[in-house]
2 protein chains.
Amino acid sequence: MPLGSDEKNGERCERSICMNNPHLESLKEDILYHLSLDTANHDLPKQFGDVKFVCVGGSPWRMKSFTEYIAKELGLADPKGEYPNLCEGTDRYAMYKVGPVLSVSHGMGIPSISIMLHELIKLLYHARCTDVTIMRIGTSGGIGLQPGTVVITKKSVDATFLPRFEQVVLGKTVVRSTDLDIELAEELLQCGKELGEFETVVGNTMCTLDFYEGQARLDGAFCSYTEEEKQNYLSEAYAAGVRNIEMESSVFAAMCKLSNIRAAVVCVTLLDRQKGDQLSSSHDLLHSYQQRPQILVSHYIKKTLNAFKS
Amino acid sequence: MPLGSDEKNGERCERSICMNNPHLESLKEDILYHLSLDTANHDLPKQFGDVKFVCVGGSPWRMKSFTEYIAKELGLADPKGEYPNLCEGTDRYAMYKVGPVLSVSHGMGIPSISIMLHELIKLLYHARCTDVTIMRIGTSGGIGLQPGTVVITKKSVDATFLPRFEQVVLGKTVVRSTDLDIELAEELLQCGKELGEFETVVGNTMCTLDFYEGQARLDGAFCSYTEEEKQNYLSEAYAAGVRNIEMESSVFAAMCKLSNIRAAVVCVTLLDRQKGDQLSSSHDLLHSYQQRPQILVSHYIKKTLNAFKS
């Protein structure tokens, strides 16, 4: 099996995936069930060994359209426009690859992205990838921001505004750090400035287990609080530095940190939650907002690859 | 707009959806964003008013194949075999309808099914549905059971084996009951006996937020415990009546109970977790196991509809 590409180039300071599971070594074969990939029937180093950037997002359609977009941006577009789904044996997730960029969908919520990340981290490890950067490009509700603003996450915080992720292991709660790469966040902010196409800010992101009650919405099937209580909660969040709310960043940050992978969260705000709860903007406007994290992250990838070449 | 069908038949004791949100009354329009449906552009009572059974499951493909299967079983099969996805404007969830049976996918994990259920419960309420039964047909890991056994959930318990669901509301934890309908579980067990095609049992179901560490697997990207500690945890779960483990039943039970909807969880076990962690059975065998909850629930629906007619 080929070595990771950086290893071939003789680089000294390559950053490897850290595998925190001694049991894996004793597995004859590793089945990445929800990705419909495994080590017995797939040559993972050959297929994925050159991956340097992984972009993840909730929707499979969006991750496919991101692949088409970044392929054009990097001058790697397939003339036939064909990007096969590398997880075609399952409908749990979708995965696309173009050059050094892997694009994977993760569904909605912490458990869904967590299953994907377990298997993705093992995939990158089996493929002997090095110097990988993972970026989540998603959507969110904003607080005190113009809809369409892109938020680069400084710290991912829980519903009490603390930067931690609680993982249950054998029935006991373990608290993990949700630190993200500060340098990467700053580089992404710089990319936003260079583009100048839309507002980009750095702020804390609140990660919740629920879209309705968990985010103080008034329009779910259940609501036991008043509009005033909702507004007070969102104001407290704002005071704690929270600029947007989504449902995956905490476990994403925790898992990438434990695995020694540079990670960033880049989400566009689809509405200002202090002004409403329903996503009532036109389909076209919401669609154009959703492209912004893609544009920002593509700019960063292009810039990084160009710097590496020169 | 037409009334619910039972109301037309003059029945006295119809069971309505309980709406626990006073704010909904003041909405001019309700956008069910993740289902790509709304009250302004869709005549929900006309389109969904006759729904009596809702079957939900993780995978969109499986929910489509369930629709094709139940359509044949009920003699309602479309000769062209066409069942349009009623949520075609989004790739978050898929929804199909045949006669009184609605079939909806929910993705993986509590947050993902919770978003779908908020919007489904509002859909059924707006459509003025009555006497609705919701059944989750899913897959799970078994404890001490032959793979392929179907488990009907008695109680959905958390990772400490308690029958409760913790919901965070405005940053504070609220504990909700995960009671399911005992009569419905018994009726489903009786259907299993009548079919006699596979083992069907009633047992507690453990619902976790994570597939790997949260279920004591040794094959995730992270593992900090020994095989012995894993086995001890699973033995404790078995002693507490747990027969299978999945990732959606607790919030499903809690939300259906609060909404006054009869609910059941019917999951097949794909493996015995005391014997392993990896899903290494053949694709065909796993596929045939996944059809068992569909067969059981279809039998129940057919029987119930026939009893209603006679």
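In case you wondered, yes, glycine gets a Cβ from its N, Cα and C as well.
No curator has checked TrEMBL annotations; they are predicted automatically.
Feature list (source: TrEMBL):
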type	residues	note
BINDING	B:ARG92, B:ARG136, B:ILE137, B:GLY138, B:THR139	phosphate binding site
BINDING	B:GLN215, B:ARG217	substrate binding site
DOMAIN	B:52-301	domain 'Nucleoside phosphorylase'
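Cα distances from B:GLN215 (substrate binding site) to the binding-site residues B:ARG136, B:ILE137, B:THR139 are smallest for B:THR139. There are 25 other CB atoms within 10 A of the CB of B:GLN215 (substrate binding site), with all protein chains counted. Those binding-site residues from B:ARG92, B:ILE137, B:GLY138 lying by chain A, with Cβ under 8 Å from one of its Cβ atoms, are B:ARG92. Distance from the CA of B:ARG217 (substrate binding site) to the CA of B:GLY138 (phosphate binding site) is 19 Å. With respect to their backbone Cα atoms, B:ARG92 (phosphate binding site) and B:ARG217 (substrate binding site) stand 28 Å from each other. Under a cutoff of 8 A between CB atoms, and with a sequence separation of 6+ in the same chain, the neighbours of B:ARG217 (substrate binding site) are B:PHE211, B:CYS223, B:LYS230, B:ARG273, B:ASP277. Cβ neighbours within 10 Å of B:ARG92 (phosphate binding site), excluding its own Cβ and spanning all shown chains: 24. Minimal Cβ crowding within 10 Å, among the binding-site residues B:ARG136, B:THR139, is found at B:THR139. Along the domain 'Nucleoside phosphorylase' (B:52-301), the predicted structure has mean pLDDT 97. The maximum pairwise C-alpha distance among B:ARG92, B:ARG136, B:ILE137, B:GLY138, B:THR139, the residues recorded as binding phosphate, is 20 Å. A 10 Å cutoff on Cβ-Cβ distances gives B:GLY138 (phosphate binding site) a total of 27 other Cβ atoms nearby, all chains included.
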